[in-house]
Each structure stands twice: as structure tokens, then as C-alpha cells.
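Undergrad: Handing you a structure now.
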């Protein structure tokens, strides 16, 4: 194997990013993934287990692990933390009855040693529906800033209409590029 081949392989590795797509069940994780992949968002069933999809964003290759959010599956999430560089956390902005559970579950993740230096993208999904909480309201409830001073952001999105989905994933890609270049503080 020549030096040029080794350098090319290293450059490809630098572009690869492992992303976990997490959140409570029925938040819209799989629908968001289908939206990102330009697939039909009307044909979605609950994820029991996980699925892995790849997506090119801003010159990075995201390997996205869409993992089911049912309570019985959350104990297995830790098995996927190794080498994770980003988490996309999906919140159902209509489900105010489960926001405390959502906050507690997210905060458990934020203190995991293997996830301390990950970028966190919070997607307040279903924001196109009347009665949805704003991203500001959800941000206040989740209280992420208590655990992370930087490298997180929240977007109000709609997986069904595509509202703000591309902007959100673009923010994540740019944040990860900044981290990979080593020009940031945690």
C-alpha cells in the first residue's frame, strides 16, 4: 500500500462522523431521517432496535444510527456511545406531558463520559402544528446549558414539511468541522 493510498484513506476517515439519532418514542426520529434522505415521510413505522443510514452533509459523511426510543430500548443506548461524535436529540414539541421524561433522559446522556465532547443538535419536531412549544420553551425545560456551554443548538423543525431540517443538519456539520479542525473550546 503506497503513501498516497494511506493518505487518501486517512482523509476519508476524517470526513466520517458517527451520529446517534435519539429521543423518546414517537418523537419523529425516523421521519426526520427519511426527510434528510428525501424519502417518503408518510410511510413510517416505529423503530424496534436500530437502523443505520449514511448521508453526505457539507463535505462530511454522516453515519446515522437511528435507535428506537421506547423505554425498554433506552438501556441499550449505551452500547452505541463508543466513537460517537454527535447526537441528534428529537423532541415532540406537542407532547408536553412527556417533557420532564424527555429532559431527564437527555440529561442522563449529557453526563455520560463517552459523550462529554459530542455536539448536540436538538430538534423540536412537529413545530408546524398549532399548540407546539417553541424552541425557546423547550430549551428552557431541557436545561442543556447546565451541562454544555457550547456545541449544542436547538431548532424548531417539522419532519413532515421539512421546515428547518436542512439548516439544522448544516449547523451540525459545520460545528463538527470546527471541532475536527481543533479550533474550539468545550
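Glycine residues also receive a Cβ, built from the backbone N, Cα and C atoms like all the rest.
If you look up Swiss-Prot, you'll see 2 marked as N-myristoyl glycine, on the strength of sequence analysis. What Swiss-Prot records for 23-30, 66-70, 125-128 is GTP binding site.
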Undergrad: Among the binding-site residues 26, 70, 127, point out the residue whose Cβ has the most other Cβ atoms within 10 Å, with all shown protein chains included in the count.
TA: 127
Undergrad: Taking the binding-site residues one at a time (23, 29, 67), which has its Cβ surrounded by the most other Cβ atoms within 10 Å?
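TA: Going through 23, 29, 67 one by one, the largest Cβ count within 10 Å is at 29.
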Undergrad: Under a three-state reduction of DSSP output, how is residue 23 (GTP binding site) classified: helix, strand, or coil?
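TA: Going by the DSSP assignment, residue 23 (GTP binding site) falls within a strand, counted as strand.
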